[in-house]
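Noted in TrEMBL for the protein shown:
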- 146, 148, 149, 150: ATP binding site (BINDING)
- 135-266: domain 'AAA+ ATPase' (DOMAIN)
- 346-415: domain 'Chromosomal replication initiator DnaA C-terminal' (DOMAIN)
- 1-86: region 'Domain I, interacts with DnaA modulators' (REGION)
- 102-318: region 'Domain III, AAA+ region' (REGION)
- 319-438: region 'Domain IV, binds dsDNA' (REGION)
Ligand SMILES: Nc1ncnc2c1ncn2[C@@H]1O[C@H](COP(=O)(O)OP(=O)(O)OP(=O)(O)O)[C@@H](O)[C@H]1O
């Protein structure tokens with residue numbers, strides 16, 4: 001992993017899972033990754049206190065997480081803000097590197113393990129890579145986090161580039177597209193932007209749910225889409241939900257996204273998880289017994305990224321302790337690992353907590369009564385079910401006494417809107433989230 005932002009995000013995520021929220025917010029969140037060179041990552045900290053704290057208390061963890069992420073030993077170097085004016089500064093608003101423009105060579109069809117939850121998506125991806133712009137345009141993958149949507153997208157790009165090195169492929173996240181577009185406006189380079197995005201054979205846009213609410217970007221993307229589509233150029237999109245479930249996505253985009261094929265990816269079953277781990281262990285030359293693979297696969301059931309993270313953690317643990325990998329070592333390595341998998345949290349549990357919080361019965365919460373004291377908690381519970389679990393809108397509707405998915409969508413939209421300004425609601429939702437995901 002060489003992309004500084006991706007590496008830093010991964011390390012921060014590991015810290016987040018390991019330290020208290022107070023420590024995270026006050027001591028880790030303010031840190032900024034500045035540069036990575038010669039296996040040294042320079043971290044900028046706001047005060048000498050932060051520097052001392054990182055040096056004394058966070059360095060070992062940092063080394064572990066960096067190793068887990070890269071399988072390389074990376075040393076931290078701490079500087080205090082303004083201590084080193086010459087260093088290129090990376091901030092959230094103005095990244096000093098270009099995000100995700102290239103294809104990841106590791107994400108190929110060969111390294112993708114096929115299982116029940118992804119076989120349709122895999123088959124569609126393969127068809128598109130062989131006959132781009134013909135059968136399924138656009139191809140739209142949707143599903144929960146870390147299930148291989150990006151991987152398949154890159155696999156299409158890698159395959160097409162492999163067949164013809166002249167293929168013009170562009171991979172962007174929807175955020176990178178937005179940033180490029182804003183930059184083009186600010187610097188008066190819209191024409192260049194259009195050239196860049198409209199003269200392609202394959203455009204891959206990841207996580208398009210982040211287009212929600214971005215009117216200008218949607219407008220530009222609409223024209224980009226049309227230009228490519230009319231030329232029979234292939235477009236592949238991913239999102240965490242179906243196009244019509246993305247709030248505030250223009251109808252004309254929703255309808256265009258439906259022109260092609262939408263296919264979901266669901267979490268892998270145990271067999272597939274073991275196969276994924278085996279394949280990764282082989283690729284990384286990790287010597288690991290079968291029963292240990294089965295043990296790790298049994299610990300994580302909803303997210304392949306976490307599955308890979310667990311394997312890296314076991315590898316790092318064995319490396320740092322100079323011990324052979326076996327199930328007992330894996331169990332020690334994974335002890336205390338707070339998995340962010342959403343599978344443990346169920347809709348009934350959310351209903352129970354929300355009903356308890358607002359002192360109403362679960363029957364009312366799931367029922368049809370239209371009084372305000374019940375409607376609001378019901379909408380909040382639906383909102384939380386969508387935010388904190390992988391359930392689809394129809395499934396949430398079913399769990400709330402058989403409501404239509406448009407009712408669920410309306411409830412979620414309503415809460416999202418109120419959350420913008422209603423401080424009491426913000427506090428309630430925050431409290432409930434803390435109760436549900438301590
Ligand atoms: N079936 C699979 N076989 C092999 N590796 C997989 C498979 N599914 C996912 N992975 C790996 O899991 C990791 C996460 O996958 P990916 O980034 O593609 O997920 P995603 O669905 O795009 O998630 P997000 O919504 O968070 O972007 C990647 O390293 C990917 O290679």
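In case you wondered, yes, glycine gets a Cβ from its N, Cα and C as well.
Overlay of TrEMBL annotations on the structure.
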| residue | record | contacts (Cβ under 8 Å, 6+ apart) |
| --- | --- | --- |
| 146 | ATP binding site | 303, 304, 305, 306 |
| 148 | ATP binding site | 112, 118, 121, 265, 304 |
| 149 | ATP binding site | 121, 141, 142, 143, 206, 238, 265 |
| 150 | ATP binding site | 107, 206, 238 |
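The ATP site is set by 146, 148, 149, 150; from the centre of their CB atoms, other residues of the chain with a CB within 8 Å are 141, 143, 145, 147, 151, 152, 238, 265, 304, 305.
For the region 'Domain I, interacts with DnaA modulators' (1-86), DSSP puts the residue distribution at 46 helix, 18 strand, 22 coil.
Computed over the domain 'AAA+ ATPase' (135-266), the whole-number mean pLDDT of the model equals 92.
In terms of DSSP helix, strand and coil, the region 'Domain IV, binds dsDNA' (319-438) has 80 helix, 0 strand, 40 coil. With DSSP classes pooled into helix, strand and coil, the tally for the domain 'AAA+ ATPase' (135-266) is 68 helix, 26 strand, 38 coil.
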